[in-house]
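Q: I have a structure here, written as structure tokens, and I will follow up with some questions on it.
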């Protein structure tokens with residue numbers, strides 16, 4: 001099995017990258033939840049003028065720090081922020097905002113109701129870190145090396161329908177959303193339908209645990225891995241800034257690894273389209289009804305058209321139900337156009353299925369001969385419960401032959417347990433700050449932390465129900481904390497922050513022939529360390545890149 005690699009060359013406009021995330025703070029993912037008030041002031045709420053530098057929210061910038069009840073030594077920043085002149089920061093921020101505007105590093109403005117529906121309306125720069133975040137080169141190489149191994153694992157797990165159904169059987173009883181996905185999967189199994197061409201565009205998320213110095217996996221995303229286009233642009237932005245100001249800052253732009261996610265994701269989609277072998281067919285992006293992150297998606301569509309002459313259409317699940325048609329030979333038509341590849345950027349959360357119309361559309365697509373990214377089996381293979389099952393002793397051996405590959409995967413596994421494990425449940429009640437409770441959800445904002453872990457576990461014990469099957473327990477990860485500059489709504493803030501690395505990968509197989517199995521760039525997300533929420537869209541986290549140390 002080949003190992004993906006990343007060059008240190010800069011990321012040009014036509015080799016952009018594709019990145020996404022669904023996770024939360026100093027533990028296990030960066031969410032898109034709106035349950036807390038954003039920590040960054042916005043133009044609507046803030047009296048600050050554009051480019052005003054916010055005050056440092058924490059007292060100490062270096063040395064050892066305490067994070068709540070957790071423990072984490074402060075991470076060493078790549079540059080002494082106290083030593084940078086405010087005038088220089090003003091210049092860098094100004095240049096960063098101009099560059100973002102000129103190069104399409106933009107998202108829809110939450111304050112404009114039309115921004116999620118019409119392109120070109122209500123655009124603002126994406127929330128970004130002003131400078132890249134330091135990351136050990138050895139751990140970066142480890143994460144890249146793991147990508148093709150995880151791809152192979154997920155593909156083999158997806159082919160074991162009994163394993164997926166059995167592992168999620170208890171969850172099905174208490175989780176209506178997972179139950180509906182399993183029902184579709186069961187129908188496909190009953191049809192004995194073979195997905196000869198299988199395509200996965202994935203992202204594996206990691207945090208570097210400060211205490212153990214281990215790179216630990218948070219989750220493996222098999223559906224809607226987003227922010228590739230914009231994440232690539234952030235990498236290019238940071239290299240540009242260091243080319244201009246690196247001498248003043250004492251930083252080398254070549255230490256930022258090149259990010260090729262958009263180009264490689266587009267290549268994988270184009271190769272899948274070619275394997276489908278219908279030059280008149282289109283690739284279809286399944287989108288939400290309001291998508292303020294549409295520009296990230298459009299970067300991928302642009303590369304597909306300009307580099308591979310593959311046309312794309314964008315449809316919601318409701319539109320697919322209304323316009324979709326399945327021909328007797330399995331050909332899938334939408335609005336009269338044959339669809340070769342279905343690429344999901346929606347459909348991963350219960351809110352994406354407000355009616356039976358959306359569920360009909362999902363089943364219709366699964367029944368068709370179009371290549372699904374992901375198929376229903378790939379979608380289920382990425383659930384939290386399957387992640388926990390794979391971490392059990394002797395389970396990886398069912399799917400992988402290489403002892404070396406198995407050892408590499410196990411090294412990055414954080415602690416994962418079912419709630420039927422009474423010893424772990426007891427420990428989580430006694431020390432809830434060391435655990436995270438996770439439901440079977442993607443998209444972030446769903447996890448349970450701190451005292452809420454204790455209260456939820458005690459409630460489940462008291463009720464003596466099977467609701468515990470809806471969750472898994474995960475070891476909480478405590479990454480290093482370091483001072484950094486974060487920019488949102490043109491306002492720069494100096495904050496103590498933590499980061500999460502997502503590594504993208506693409507996998508394409510036609511029958512027994514593996515056409516592509518590569519690591520495809522990365523996404524770095526950075527957020528204020530004091531928050532349990534971390535979504536970029538929700539106002540907590542920003543897009544970032546890495547500086548190899």
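From the backbone N, Cα and C atoms, a Cβ is placed for every residue, glycine too.
Automatic, uncurated: that is what TrEMBL annotation is.
Annotations per TrEMBL:
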BINDING   203, 223-226, 291-293, 297, 345-348, 525, 536-537  substrate binding site
BINDING   219, 221, 442  Mg(2+) binding site
BINDING   219, 384, 438-447, 449, 474-477, 500, 527, 533  ATP binding site
DOMAIN    282-381  domain 'Glutathione synthase substrate-binding'
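Show me how these features fit into the shown structure, please.
A: Cβ environment of residue 297 (substrate binding site): 226, 229, 285, 287, 291, 314, 345 lie under 8 Å away, each six or more residues apart in the same chain.
All chains included, 21 other C-beta atoms sit within 10 angstroms of the C-beta of residue 442 (Mg(2+) binding site).
Taking the domain 'Glutathione synthase substrate-binding' (282-381) as a whole, pLDDT averages 97 in the prediction.
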Q: Sorry to bug you, but what's the C-alpha spacing from residue 449 (ATP binding site) to residue 219 (Mg(2+) binding site), rounded to the closest Å?
A: 16
Q: Compute the C-alpha separation of residue 292 (substrate binding site) from residue 449 (ATP binding site), stating it in Å without decimals.
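A: Here the two Cα atoms are 28 Å apart.
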Q: State the Cα to Cα distance, in Å, between residue 442 (Mg(2+) binding site) and residue 527 (ATP binding site), rounded to an integer.
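A: A Cα-Cα distance of 19 Å.
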Q: Nearest by CA distance to residue 203 (substrate binding site): which of the binding-site residues is it, out of 221, 439, 476?
A: 221
Q: Report, as a single number, how many Cβ atoms besides its own are within 10 Å of the Cβ of residue 439 (ATP binding site).
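A: Taking all protein chains shown, residue 439 (ATP binding site) has 18 Cβ neighbours within 10 Å.
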Q: For the binding-site residues 203, 292, 476, 527, work out the Cβ neighbour count at 10 Å and name the residue with the minimum.
A: 292
